[in-house]
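> Please read through the structure below; I'll follow up with questions.
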Amino acid sequence: MTAERPGAVPLGRPGRPPMLGLGEAYRAQVFASIFLLLLSPAGVGARAKNDFNLVHPLVTMEQLLWVSGKQIGSVDTFRIPLITTTPRGTLLAFAEARKMSASDKGAKFIALRRSMDQGSTWSPTAFIVDDGETPDGLNLGAVVSDTTTGVVFLFYSLCAHKAGCRVASTMLVWSKDDGISWSSPRNLSLDIGTEMFAPGPGSGIQKQWAPQKGRLIVCGHGTLERDGVFCLLSDDHGASWRYGSGISGIPYGQPKRENDFNPDECQPYELPDGSVVINARNQNNYHCRCRIVLRSYDACDTLRPRDVTFDPELVDPVVAAGAVATSSGIIFFSNPAHPEFRVNLTLRWSFSNGTSWRKETVQIWPGPSGYSSLATLEGSVGGEDQAPQLYVLYEKGRNRYTESISLAKVSVYGTL
């Protein structure tokens with residue numbers, strides 16, 4: 001049965017001609033007003049905002065933000081890109097600056113660059129967190145903004161691999177001035193304990209619709225102590241944090257083999273019905289060489305096994321991927337589109353909440369490519385309306401994907 005659209009009024013009744021009594025005359029006046037509104041500039045703009053026929057993604061610019069090989073601050077390797085747009089329209093790009101080697105372990109900085117002109121120019125690299133000479137240093141991470149307060153939160157983990165250390169910690173820094181300055185690190189162990197939680201890598205979200213409108217959600221994965229995917233939640237603008245329940249790997253708490261169920265690095269986004277989709281790395285290729293998709297209907301208080309699916313269209317070589325939902329209902333997804341190797345960084349999009357994907361794709365880079373992160377810039381920027389832009393920050397190389405981190409700017413409507 002097709003539901004009647006809110007506010008729709010039937011003209012007349014079946015079996016009898018429509019009569020313009022007082023009620024019908026009023027309805028006719030309403031429909032005339034709506035018709036005139038749709039012809040107005042405001043109405044045309046509103047329709048264009050959700051007109052999927054306008055969507056023709058086009059890469060309009062690309063630039064390297066970081067190059068590995070001790071070329072920037074004697075950093076050996078830059079990895080794990082994160083990108084976000086702040087409520088004020090500033091772009092913030094983050095990466096792990098691995099001091100001595102490309103290893104996931106070892107000492108690191110968190111590198112940051114800012115753009116205030118929609119990605120055209122970027123500030124010099126700033127190192128906003130330094131873990132010293134820690135043998136099992138920091139690992140990024142997830143970034144999320146609160147649209148009410150304007151605060152940007154950045155999460156990372158310490159001692160994730162228990163290499164030369166015994167206690168894992170989830171750490172948090174924040175900025176109240178669009179990334180110009182940052183707080184001292186806050187250890188969340190008193191709030192959430194010391195089980196290893198690896199945020200992201202990618203972006204968190206703030207709920208835009210009920211249930212729990214305004215909630216901040218940051219999802220990640222654990223290890224043998226608490227493997228699988230689970231999320232950190234805040235209902236007080238980031239003052240306090242707690243875990244929602246998660247989806248565990250199978251067999252739980254034991255080493256995994258090929259084809260075991262083991263969801264890993266993940267990226268959440270919200271659908272217009274208020275549900276949250278978590279697109280996750282399929283660490284052991286359970287069921288397919290593709291992405292695991294989880295869905296929560298209560299703002300990530302719970303994740304249920306019956307709401308876990310697999311997306312065979314999103315072929316994946318076991319990697320952290322980018323995913324984002326635009327305000328007009330488009331879902332974008334980026335990953336190295338190959339079943340085995342980290343090559344062919346590809347952008348895909350969906351007009352059906354991710355239940356299917358358009359046949360058209362945009363190849364961002366054909367060669368070695370690894371992790372990627374997505375952000376959008378929509379609506380008014382600096383008081384001026386603009387066409388929506390998508391930003392793809394990704395690991396890129398000619399021989400190895402760890403050679404650099406590059407930014408591709410994509411015009412969603414294909415306009416320059």
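Glycine is no exception: its Cβ is also placed from the backbone N, Cα and C atoms.
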> Looking at 289-292, 373-376, 413-416, which one is motif 'Internalization signal' according to Swiss-Prot?
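Feature motif 'Internalization signal' in Swiss-Prot: residues 413-416.
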> Starting from the substrate binding annotation in Swiss-Prot that includes R98, E265, R281, R342, which of R79, R242, R304, R306 is the extra site residue?
R79
> Need the matching range: Swiss-Prot marks motif 'FRIP motif' on one of 42-45, 78-81, 106-109, 294-297, and I'd like to know which.
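From Swiss-Prot, the annotated motif 'FRIP motif' range turns out to be 78-81.
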> Whole-number Å distance between the CA of N353 (N-linked glycosylation site) and the CA of Y371 (active site, nucleophile)?
23
> Around N353 (N-linked glycosylation site), how many other C-beta atoms are within 10 angstroms of its C-beta?
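Excluding its own Cβ, the number within 10 Å is 17.
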> Just checking: which of N187, N344, E395 have a Cα that is within 10 Å of the Cα of Y371 (active site, nucleophile), counting only these recorded positions?
E395
> For the glycosylation sites N187, N344, which Cβ has the most other Cβ atoms within 10 Å, all shown protein chains included?
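Answer by Cβ density within 10 Å: N344.
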> In sequence order, what residues of the same chain, 6+ apart, have a Cβ less than 8 Å from the Cβ of E395 (active site)?
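Listed in sequence order, they are R79, P81, S369, G370, Y371, S372, Y401, T402, S404, I405.
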> Roughly how many Å separate the Cα of N187 (N-linked glycosylation site) from that of N344 (N-linked glycosylation site), to the nearest whole number?
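The separation of the Cα atoms works out to 38 Å.
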